[in-house]
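In what follows, a single structure is set out as structure tokens and then discussed.
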Amino acid sequence: MERSCLAIVLAAGESTRMKSSMSKVLHPIGGRPMIAHVMESLAEAGISATALVLGRDAEAVEKVARRDEMAVSSYLQTERLGTAHAVLAAGAAIADGYDDILVVFGDTPLITAAPLLAARKGLAEGNDVVVIGFETTSPTGYGRLIVENGALVAIREEKDASEAERKITYCNGGLMAIDGRKALSLIEKIGNANAKGEYYLTDIVEVANAAGGSAIAVAAPETELMGCNNRAELAGIEAVWQRRRRHELMVSGVSMIAPETVFLAYDTAIAQDVLIEPNVVFGPGVTIESGAVIHAFSHLEGAHVGAGATVGPYARLRPGANLGPDSKVGNFCEVKKAEIGAGAKVNHLTYIGDAFVGAKTNIGAGTITCNYDGVNKHITQIGANAFIGSNSSLVAPVSVGDGALVASGSVITDDVPADAVAFGRAHQTIKPGRAKVLREQYLAEKAERKKSSAE
Ligand code: UD1
Ligand code: CA
């Protein structure tokens, strides 16, 4: 029978070292609060019940941590007396009775499902405590894992460790699984006689051993256990996350010429045979269909790019941009909340916002949809196979029918019927010889001014 599991997410920290107006677990990694990454890994590990231990910004943290497939309950830790004390804040949830208790940290967002499953497996094999550890060349600051004959004897916090213990490079990632039937009685035995005067969850190892139980450590990659205490560590975690996500996309069939210059969001979805050129940034909510090319220096957010479409270089797709198959949005173009039909072209220096552009329509350089009157947004509707001449302003609400042609430089304020030509510009007049007359006049005036100022 499957073992039941309660995950306890510790997120009550003050985040002092982040020097921030919000809790560190709300800071984004890949465009999403770091605690949401932790919750996703818990869901991937098949965990269906989670207790959040909250302090600062409790309401906001609870909101971003919620997930549909999981029962999430919240507990406040009002005094911050250590990690064991924090777990006990969720004591009522533990008392509901679970086979496994999994303790994770809200500020360790790179953890994946695999080590969590490995820790639970250790419980299923009869251990009372399974700690997730990692090997590192820089153990400073971490609790050290004291392992003898395959058994975990103790975890020693840096501040309480002897000279010899500090040389140990196998460290505590902070995450652990505990036998759910024994968890409360073990944690309640933990005291605070240590350098920091805190109730250390790590002391559970010695408590379990003293009670005749068994503890082991399972190793995970160091990168999965990187914790976030300050902005520099936040950037370090972001870098690891970006590398991991780029790699996943590349092995799934996405080409990147300079992957280290491409920045992804947690939900960036890119199909096979898409080419991403250097220096492209994805905000949340982007999907790209197969065969599309995203040229260099483009910025996309909340946008959909159809199969075979091309974007950029230097294009900006904002939320609601929906590019049809084989369409083109070229250099220095911005598209917002607009449909660009199949095969349509928006090639140069253009703003298309709150608009519909039909299939195969060509939007000339410098076209602007004037969608905003200072108070309200209005819609521009352009049909299929239309042609908008360069440097035209389409003053919304306005429509241009299928096959219509707008002369360049037009300011279009009235609807243009299908197949019509619209001129919305001043008539040109020619005055033969007049330029020469003017030039001579100006030169004469200038010479006169120079002469009088010299006198
Ligand atoms: C902890 C471990 C250490 C491990 C390291 C890994 C203990 C005693 N030490 O140390 O062995 O190597 O993590 O990163 O567990 N928290 C609360 N309430 C509290 C105290 C902490 O919610 O009263 C939360 C923090 O917000 C944080 C997590 O628990 O998310 C860990 O606490 P922190 O003080 O950062 O522990 P470390 O000293 O880093
Ligand atoms: Ca920490």
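Don't overthink the numbers, they just go from 1 along the chain as shown.
A Cβ is built for glycine as well, from the same backbone N, Cα and C atoms used for every other residue.
Taken straight from TrEMBL:
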DOMAIN    7-141  domain 'MobA-like NTP transferase'
BINDING   10-13, Lys24, Gln77, 82-83, Gly143, Glu157, Asn172, Asn229, Arg318, Lys336, Tyr351, Asn362  UDP-N-acetyl-alpha-D-glucosamine binding site
REGION    253-455  region 'N-acetyltransferase'
ACT_SITE  His348  active site, proton acceptor
BINDING   Ala365, Asn371, Tyr372, Ser390, Ser408, Arg425  acetyl-CoA binding site
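Per-residue pLDDT, averaged across the domain 'MobA-like NTP transferase' (7-141), gives 97. Once the Cα atoms of Ala365, Asn371, Tyr372, Ser390, Ser408, Arg425, the listed binders of acetyl-CoA, are compared pairwise, the greatest separation found is 21 Å.
Annotation note: His348 (active site, proton acceptor) sits in a strand segment as assigned by DSSP.
Cβ crowding, taken as the number of other Cβ atoms within 10 Å, peaks at Gly143 among the binding-site residues Gly82, Gly143. Using a 10 Å radius centred on the Cβ of Asn371 (acetyl-CoA binding site) and all shown protein chains, the other Cβ atoms total 23. When the recorded positions Lys24, Arg318, His348, Arg425 are scored by other C-beta atoms within 10 Å, Lys24 scores highest. Within the same chain, residues at least six positions away from Tyr372 (acetyl-CoA binding site) with a Cβ under 8 Å of its Cβ are Gly353, His378. With a cut-off of 8 Å between CB atoms and residues at least 6 apart in sequence, the same chain places Val131, Gly133, Tyr142, Gly143, Arg144, Leu145, Ile155, Thr202 near Asn172 (UDP-N-acetyl-alpha-D-glucosamine binding site), listed in sequence order. With a CB cut-off of under 6 A applied against ligand 1, the binding-site residues Ala12, Lys24, Ser408 are reduced to Ala12. Look at the binding-site residues Leu10, Ala12, Ala365 and count other Cβ atoms within 10 Å of each Cβ; Ala365 has the fewest.
With DSSP classes pooled into helix, strand and coil, the tally for the domain 'MobA-like NTP transferase' (7-141) is 49 helix, 36 strand, 50 coil. In this structure the C-alpha atoms belonging to Ala12 (UDP-N-acetyl-alpha-D-glucosamine binding site) and Arg425 (acetyl-CoA binding site) are separated by 64 Å. Rounded to the nearest whole angstrom, the C-alpha distance between Ser390 (acetyl-CoA binding site) and Leu10 (UDP-N-acetyl-alpha-D-glucosamine binding site) is 58. Looking only at the recorded positions His348, Ser408, Arg425, the one with its C-alpha closest to Lys24 (UDP-N-acetyl-alpha-D-glucosamine binding site) is His348. In this structure the C-alpha atoms belonging to Arg425 (acetyl-CoA binding site) and Arg318 (UDP-N-acetyl-alpha-D-glucosamine binding site) are separated by 30 Å.
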